[in-house]
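Engineer: Next up is a structure, given as C-alpha cells.
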C-alpha cells in the first residue's frame, strides 16, 4: 500500500476549481472573469499610456497617482472576491445525514403507501418571524436561514447572494463585502477615467495642446460609458440591499416584500447598523478546510485503486421520498403558503441528488440582470 | 492497548436560530446522553460555547475598527494579522479539548469541534461503555 498525502480540496464535492494548492477557489466557468480582467486592465492601460502624460503635465501629477491607487484597489477587491470561499457549507457526513433522515421519518410518522410524503421543511422562529428551512437533497442538510444551493457550483452557500459570472464565483457571506467594494471602486474608477477623458477631449480643442491618439480615446470613452451605467446601477442596487440587510436572492424571491410575507427578521431596522453589519462585521473564517491533509491509501498499481477518504459520496438510505416541494408544508406555519408559486413544478419527480431547485432560476436570472 | 472503543452512536446538537443567523447551539439535552452525563454539565458546556461564538461574532467597536482598517489596506493586513474571529476559534478549540479531557472522555463521550462540521452541529460521539474493564 502506498500512503500518499492529499489535501482536502482535492476530494471536495462540488463543481469548483482550485488553484495554488487549495488557496484559490473559483467556479468552473472562468471565461467572463477573464473578460472582466481584460476590460479593466485594458482600459486603464490605455488611460495611463495616452491620457496621463498629458494630464500630469497640464493639470496635476496627482491625477495619475490617484488613478493608480484606485486601479490597484479595484484589482485587489476583484481578486479577493473571485478567489475566496464565498461561505460554502460542507456536505453532511454519512452519520449526520442518517441522523437527519431518522429525525425526518420520526416527524413524518407513517405515510400510507401510494401517498407522497410531505416536503422536508423545518420551521424556525427568528425574531418573531417564521422562517422555513428547506432540506437540500444534494448536501443532505437542512439549509441554515439565508443559505441557498448554487446549482452552478453545486454547493450550499451561506447568506447566498447570487452567482456572478463576471467575478467567476458565487457571492455569499464571506465575500459579499469585497464584491460590494469592487463594484463601488470600479464605479469610481470608471467615473474618474470618463471625466478625465472628457476633460482631455475638451482641452484638445485648443490649438496649442498636443494630439493624443484619437481613436483610442474614443474607445476608452465608449467602454467607460457602457460600464458606467451597468456598474453604477449595480452599486446602487447593492447599496439599497445592504441598507435593508437583504440578499439579491431574497429580493428576487420577494421573501420580505409585500404585506403577507412579513418583515425581514435579519434587519436591525436601522440603515447605519445594517450597513455596519454587512461591511464592517466580523470576517468569517472558511469552514472548508481546503488545505488540510487527508491520508489516502492506494494499493500497489496492479489492482483497482480505492481511495478511502473521510468524505464518502455513497448514498446512505435509498431515498424513496420524492422531493415534492410543490405541495404546501403540513407543519403548522403562520405564513400563508406561497411555496407552490416559488418552486418549480418539475421538481416533483427528480432523484434526490439532482439540484432542481429555484436557485438555478435565480442565479440564471441574476446573470441576465448583469 | 486499543484506545479506540466501539462507537455506539452519534448525537448531533443542532443550531439555534431564534436570535438570527448568529452561531448558537441548542441547549436541549438529548435523550441518548441521559445515562452518560448529567444535564447541567452538558448545558454548561453548550452555553459556554455559545458565549464564545457570541464573542467571535460580536458587532462592536472592535470589529468595526478592524473592518475599517482592513478596508483601508485593501485587506492586505490579514496577511500578517489574525482576525478576531480566528483568535476566538482557537480559544474554542482549546476549550473543547479541555472539556473532552476533563469531563467527556472519562464518560466515554467525545465532542467534535463544530468548525469541522461547517459550524452546523456539535457532534457528540458515544463510545461503548468500558467502565467494566477499568
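If you go along the chain as it appears here, the first residue is 1 and each next one adds 1.
Just so it is clear, glycine is given a Cβ too, placed from its N, Cα and C backbone atoms.
The transmembrane segment annotation in TrEMBL covers A:32-50, A:62-79, A:178-196, A:216-237. Residues or ranges marked as domain 'Palmitoyltransferase DHHC' in TrEMBL: A:132-253. Feature annotation from TrEMBL assigns region 'Disordered' to A:295-370. Residues or ranges marked as compositional bias 'Polar residues' in TrEMBL: A:300-313. According to TrEMBL, the feature compositional bias 'Low complexity' maps to A:328-337.
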Engineer: Residue list, the transmembrane segment (A:178-196) vs rest of chain: Cβ under 8 Å, 6 or more residues beyond ends.
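Structural biologist: The answer is 40, 43-44, 47, 51, 55, 63, 66-67, 70-71, 73-74, 77-78, 80-81, 84, 161, 164, 167, 171, 220-221, 224-225, 227-228, 231-232, 234-235, 238-239, 242, 278-279.
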Engineer: Give me the mean pLDDT over the domain 'Palmitoyltransferase DHHC' (A:132-253), rounded to a whole number.
Structural biologist: 87
Engineer: With helix taken as DSSP H, G or I, strand as E or B and everything else coil, how many residues of the domain 'Palmitoyltransferase DHHC' (A:132-253) land in each class?
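Structural biologist: Going by DSSP assignments, the domain 'Palmitoyltransferase DHHC' (A:132-253) contains 65 helix, 19 strand, 38 coil.
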